[in-house]
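**Student:** For reference, the structure I am asking about is given below.
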């Protein structure tokens with residue numbers, strides 16, 4: 001394989017000649033430091049290479065070493081709880097090797113530790129017919145995750161050898177498959193190219209909600225397992241805190257958090273918090289189900305693209321094991337900016353706002369890899385990849401290309417409103433602009449498993465919030481006194497919905513995570529208030545009298561979200577009794 005020679009360097013873009021027979025997206029090592037790069041364009045024997053490390057100091061005429069392989073990552077036991085850079089290099093291993101807090105250029109460390117021994121329990125026997133995706137054994141990687149060892153997708157045949165139960169490293173052959181006369185060894189670890197989606201049997205309709213513990217996300221704009229969501233918002237509106245809440249409390253088996261081009265201190269917050277936090281679904285430390293990819297804004301721009309693909313490939317790998325995985329990417333705008341930067345350096349024709357014309361297709365490829373699937377291989381199993389990505393539009397302009405193109409491909413839109421954030425309403429998700437295409441699909445799950453009136457209660461809340469917005473303009477002009485009594489009740493109910501349900505404190509021990517049952521109990525209180533109060537208003541009782549009769553009950557309902565724990569829901573029975581008692585007294589008065 002012939003090596004190339006550098007002819008031009010322009011930031012992260014390097015042009016090399018003598019690259020005959022090179023392949024698109026082939027990984028190369030650039031210059032004397034052997035910096036990792038990827039071929040993104042070929043013209044004759046010239047290759048345009050995007051380099052994933054700082055190119056300072058390399059010179060024309062230095063060699064470019066070809067590898068003949070695409071950008072691939074290692075998949076196997078040892079991924080959970082790790083912190084990787086954008087190229088899947090473990091940061092702790094780099095620190096041990098270099099004795100420095102900085103990532104040295106050209107450093108090569110294995111993604112999966114070669115020395116650790118894992119206890120392998122075989123699940124197949126010699127002579128079995130196997131195919132790609134079959135589970136041949138398990139490794140208990142953490143108390144939360146049983147790592148299922150899969151046959152690589154391209155391998156099929158007869159199992160010639162399988163090791164006995166015992167401790168093995170990721171490089172030890174644990175099985176040998178006779179594939180058309182060739183002996184193919186299988187190890188605990190496999191490699192997969194990041195730009196190629198992993199295969200599956202069929203894509204299924206997502207019908208089960210991915211519970212997040214955040215009330216506005218679970219109830220007003222729910223996301224299903226295998227769904228796609230975007231969180232656009234201007235600086236300071238709470239994107240990162242909302243995504244961190246998703247990563248912490250979601251009911252996913254595996255969470256992969258990709259910090260793509262965001263500030264380093266945000267990743268530092270994650271790394272400090274996660275070891276001490278407990279998973280509310282299992283009670284175990286969160287790090288036992290989490291993988292972090294740290295590719296911060298001060299790291300090379302080109303590596304942002306790699307980090308997104310690395311994250312989604314790891315998510316697909318755990319999906320293939322039959323798990324529900326969540327990929328949180330913060331933020332895809334930084335990836336798009338990297339594409340714009342490289343497109344400009346390659347002198348490509350720019351499209352809207354300087355972004356390359358292929359931006360929509362890249363975003364589509366990324367979101368297309370989400371979904372709930374029936375996996376390949378035996379035994380039959382189902383897994384999902386849910387994708388939630390932040391988008392950072394400059395100045396909060398949702399018409400800019402990244403946000404508008406993202407909207408074409410996602411089914412859930414959680415727009416953050418800076419005016420809500422300034423009013424200290426968090427999460428600052430605008431209930432008028434947002435949408436979810438999964439409401440009809442997940443309503444049956446909520447009605448069956450949580451509360452048979454869930455859909456009815458949710459729709460009442462949404463209708464009330466929309467009507468309140470219509471009334472707000474009238475109130476601004478002539479004041480609330482001029483409204484009809486039923487409209488005054490709409491304003492009061494909307495205030496209760498916002499204060500008791502939509503607002504949520506991500507830093508409060510009790511309020512940070514709301515179980516589905518707790519959410520339904522709060523909704524039920526609001527629904528009861530609205531239903532009974534509407535009847536009384538129709539009978540001529542003023543809204544003000546109804547609210548005054550409540551005394552401290554409405555503030556008590558508002559405080560309940562941070563006062564009543566998820567395992568103390570019987571306390572809501574008392575609030576419900578008090579509420580009904582007040583309305584019974586008012587009805588007696590109205591009847592006389």
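From the backbone N, Cα and C atoms, a Cβ is placed for every residue, glycine too.
Sharing the record's features from Swiss-Prot:
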BINDING   233, 234, 235, 236, 237, 238, 239, 240  ATP binding site
**Student:** Got a sec? Which of these binding-site residues, 233, 234, has the most Cβ atoms within 10 Å?
**Tutor:** 233
**Student:** I need the least crowded one of these binding-site residues (236, 238), counting other C-beta atoms within 10 angstroms of each C-beta.
**Tutor:** 236
**Student:** Work through the binding-site residues one by one (237, 240) and point out the residue whose CB has the fewest other CB atoms within 10 angstroms.
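**Tutor:** Candidates: the binding-site residues 237, 240. Fewest Cβ atoms within 10 Å: 240.
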**Student:** Using a 10 Å radius around its CB, how many other CB atoms surround residue 235 (ATP binding site)?
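**Tutor:** A 10 Å sphere around the Cβ of residue 235 (ATP binding site) contains 12 other Cβ atoms.
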**Student:** Would you mind listing, in sequence order, the residues at least six apart from residue 239 (ATP binding site) in the same chain with a Cβ closer than 8 Å to its Cβ?
**Tutor:** 231, 232, 233, 330, 331, 390, 392, 416
**Student:** Other than 233, 234, 235, 236, 237, 238, 239, 240 themselves, what residues in this chain have Cβ atoms within 8 Å of the centroid of the ATP site's Cβ atoms?
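**Tutor:** My list of surrounding residues reads 392, 416, 418, 421, 428.
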**Student:** In the three-state scheme derived from DSSP, which category covers residue 240 (ATP binding site)?
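**Tutor:** Where residue 240 (ATP binding site) sits, the three-state DSSP reduction gives helix.
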